[in-house]
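Novice: Input: one structure, supplied below.
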């Protein structure tokens with residue numbers, strides 16, 4: 001009898017895990033994988049192998065399979081389609097039952113879905129293109145500490161994108177000189193300045209000194225401008241305890257916002273910090289250092305839209321999202337696709353924008369996308385048009401590279417932004433008339449004119 005019930009040995013995954021007749025449930029987590037099978041491996045077997053290895057499967061039949069209800073717990077490859085324009089690439093859709101995942105843990109979700117399967121022999125390459133997070137699962141996450149509307153209310157800034165600047169040179173400044181640069185930028189008209197992602201607590205500038213001098217700069221700039229200012233104090237550290245210590249010190253200083261590198265720091269640390277930020281009224285700026293290691297290859301790894309969705313669940317109020325212009329160019333439609341996934345409550349499936357599933361966030365707060373990297377005043381009309389009001393535009397070199405100094409660089413950016421917003425509100429077409437709008441603004445802002453002269457060729 002045993003030989004009938006339990007047949008030892010290796011069997012094809014597709015017999016168990018490829019189920020084209022399966023109707024997906026509202027509670028399933030759905031994944032779209034770009035699969036490149038090894039030569040000779042059928043697409044169905046490759047898709048089923050992904051479903052198996054990222055859920056209940058192992059490479060051989062085991063006795064203990066009989067002690068569980070495989071039908072309840074297994075991942076299922078329910079649809080496969082050939083990837084358009086690519087040879088030997090397929091999009092495999094996999095449904096995972098919700099019971100496979102721990103509530104409120106992005107870490108566990110990724111360990112399950114992408115933890116093991118990417119080294120699989122039968123696959124030449126594998127890329128996770130998108131995830132559909134069911135309402136039942138997203139409701140177990142707190143999400144962003146505050147969200148877009150609460151942030152605007154805290155800062156008292158409406159009807160325009162926010163302006164930021166990463167302090168450069170990113171490594172080597174003393175805390176006092178660093179604070180001075182922060183003050184000059186904020187005084188000139190920026191809303192935020194930013195620690196670079198790799199500024200943590202190095203020998204030339206320990207974190208506590210930086211926090212103190214930056215707080216002084218913030219309060220001085222606020223007093224002089226009458227506007228609320230912030231500096232993203234990077235709390236990223238070698239241990240979670242040290243990270244929380246830094247966040248607590250920022251709160252004691254009374255500053256509005258801290259920062260975290262969520263991929264190098266890890267999702268567990270990020271979610272911990274996000275909970276602290278909500279409980280203590282701190283905004284949380286997220287940098288995506290290390291993302292290109294994961295998302296740059298077109299056929300292997302994970303698309304950034306998956307990392308962006310994961311961040312919205314784990315928690316963050318801002319996240320870097322590419323620029324569409326500048327030095328880190330992203331494809332426009334794809335970028336806007338995941339920008340909407342970050343900001344909006346309900347996003348329709350739209351394959352032309354890389355969105356494989358309709359996503360309903362059921363009122364989870366939104367995240368402000370941050371455009372940063374090689375941008376300057378001439379890009380302002382395009383950025384305003386592409387990203388709209390709910391965004392942060394960050395000019396590092398585009399502020400600090402101004403020939404007259406940091407404060408005039410900040411003035412130039414603020415004038416350019418205000419000119420673009422006003423022109424848009426008057427009904428002008430930023431895409432077509434952008435350069436003209438900037439040139440007109442130069443007439444009443446010498447600082448902007450000087451900036452335009454420096455970067456006119458770029």
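Every residue gets a Cβ built from N, Cα and C, even glycine.
The structure displayed is predicted, hence computed values, not measured ones.
What Swiss-Prot shows for this protein is this:
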- 7: N6,N6,N6-trimethyllysine (MOD_RES)
- 116, 166, 170, 288, 320, 372: substrate binding site (BINDING)
- 168: active site, proton acceptor (ACT_SITE)
- 194, 196, 197: Mg(2+) binding site (BINDING)
- 194: N6-carboxylysine (MOD_RES)
- 287: active site, proton acceptor (ACT_SITE)
- 327: site 'Transition state stabilizer' (SITE)
Novice: List nothing but the one residue from 287, 320 whose Cβ has the fewest other Cβ atoms within 10 Å; the candidates are the recorded positions.
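Specialist: Output over recorded positions 287, 320: least Cβ neighbours within 10 Å is 320.
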Novice: Determine, to the nearest whole angstrom, how far the Cα atom of residue 194 (Mg(2+) binding site) is from the Cα atom of residue 288 (substrate binding site).
Specialist: 14
Novice: Quick one: among the binding-site residues 196, 197, which has the most Cβ atoms sitting within 10 Å of its own Cβ?
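Specialist: Output for this query is 197.
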Novice: Given the recorded positions 168, 196, 197, tell me which ones have a C-alpha lying within 10 Å of the C-alpha of residue 288 (substrate binding site).
Specialist: 197
Novice: Can you tell me how far the Cα of residue 287 (active site, proton acceptor) sits from the Cα of residue 372 (substrate binding site), in Å?
Specialist: 10
Novice: Near the Cβ of residue 168 (active site, proton acceptor), how many other Cβ atoms are there if near means within 10 Å?
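Specialist: Counting Cβ neighbours of residue 168 (active site, proton acceptor) within 10 Å gives 16.
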Novice: Which binding-site residues (116, 166, 320, 372) fall within 10 Å of residue 196 (Mg(2+) binding site) by Cα distance?
Specialist: 166
Novice: Please work out which residue of 170, 194, 288 has the most C-beta neighbours within 10 angstroms of its C-beta, and give that one of the binding-site residues.
Specialist: 194
Novice: For the binding-site residues 116, 166, which one has its C-beta crowded by the most other C-beta atoms within 10 angstroms?
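Specialist: Buried the deepest by this measure is 166.
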Novice: How many Å lie between the Cα of residue 166 (substrate binding site) and the Cα of residue 197 (Mg(2+) binding site)?
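Specialist: A Cα-Cα distance of 9 Å.
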Novice: Determine the C-alpha span of the substrate site listed in the record, that is the greatest distance between any two of 116, 166, 170, 288, 320, 372, in Å to the nearest whole number.
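Specialist: Output for substrate binders 116, 166, 170, 288, 320, 372: max Cα distance 37 Å.
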Novice: I want the residues beyond 194, 196, 197 whose C-beta is within 8 angstroms of the mean position of the Mg(2+) site's C-beta atoms, in chain order.
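Specialist: Going along the sequence, the neighbours come out as 166, 167, 170, 195, 198, 199, 232, 234, 259, 287.
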Novice: So, in DSSP terms, is residue 288 (substrate binding site) helix, strand, or coil?
Specialist: coil
Novice: Quick one: Cα separation, residue 170 (substrate binding site) versus residue 197 (Mg(2+) binding site), in Å?
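Specialist: Residue 170 (substrate binding site) and residue 197 (Mg(2+) binding site) have their Cα atoms 9 Å apart.
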Novice: According to DSSP, which of helix, strand or coil covers residue 170 (substrate binding site)?
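Specialist: Assignment for residue 170 (substrate binding site) reads coil.
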Novice: So how many other Cβ atoms are close to residue 372 (substrate binding site), meaning within 10 Å of its Cβ?
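Specialist: Around the Cβ of residue 372 (substrate binding site), 25 other Cβ atoms lie within 10 Å.
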